[in-house]
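S.K.: Reproduced below are the annotations present in Swiss-Prot:
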ACT_SITE  109  active site, proton donor
BINDING   12, 13, 14  N(1)-(5-phospho-beta-D-ribosyl)glycinamide binding site
BINDING   90, 91, 92, 93, 107  (6R)-10-formyltetrahydrofolate binding site
SITE      145  site 'Raises pKa of active site His'
């Protein structure tokens, strides 16, 4: 059975959907550990309740980001994890780390990439007058939110929507598509080659499976 590590910084709502999918068998894998860069992240409580090992790596305990990521990488390597899942991990990974685990890191980002990389995506979409938003699951590389797109889900933005309403609508889609992509990877159906995502041996378009 494949082993997953989940990296978090906060509430761990996406983590919970992954825990549930592993427990139900929808994802044929085991979560080997949950790692946080915040000691008070509620996601650590979720992991403890699910009897999943937890580890905390605080930036203040390392001289630089590279040293911290090396320590996390060594820990993950000692567990022989097959996949690293970023689920609200609010720290940019160093290029050395992303290269070390190339093709083995997935992230979910709350926008229809390449649109609105970075932070405050809901506010930016509303301020731009967009009539739709969404979320993207992608492989992670050295470029922030720039790796090969696997799957996207769109949601409407209505004229009177608040940021919170768009976020809630988007998160509901996240809880559907992230476990699905993780399932594809753990079943051996999804892989990265030459910075392109392949599903069942077929290269996905740049916008991912949903827009094929």
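Placement of Cβ uses the backbone N, Cα and C atoms for every residue, glycine included.
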S.K.: C-alpha of residue 12 (N(1)-(5-phospho-beta-D-ribosyl)glycinamide binding site) to C-alpha of residue 145 (site 'Raises pKa of active site His'): distance in Å?
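M.R.: Residue 145 (site 'Raises pKa of active site His') has its Cα 19 Å from the Cα of residue 12 (N(1)-(5-phospho-beta-D-ribosyl)glycinamide binding site).
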S.K.: Write out the long-range same-chain contacts of residue 109 (active site, proton donor), meaning residues 6 or more apart in sequence whose Cβ is under 8 Å from its Cβ.
M.R.: 117, 121, 135, 136, 138, 145
S.K.: Enter the number of other CB atoms within 10 angstroms of the CB of residue 91 ((6R)-10-formyltetrahydrofolate binding site).
M.R.: 16
S.K.: Highest CB neighbour count within 10 A among the binding-site residues 90, 93?
M.R.: 93
S.K.: Neighbour count, 10 Å Cβ-Cβ cut-off, for residue 12 (N(1)-(5-phospho-beta-D-ribosyl)glycinamide binding site): what number do you get?
M.R.: 23
S.K.: What three-state class does DSSP give residue 145 (site 'Raises pKa of active site His')?
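M.R.: Coil, per DSSP.
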S.K.: Hey, for the N(1)-(5-phospho-beta-D-ribosyl)glycinamide site built from 12, 13, 14, who else sits with CB inside 8 A of the CB center?
M.R.: 8, 10, 11, 15, 16, 17, 18, 43, 46, 87, 88
S.K.: Run through the Cβ atoms and count how many others sit within 10 Å of the one on residue 13 (N(1)-(5-phospho-beta-D-ribosyl)glycinamide binding site).
M.R.: 16
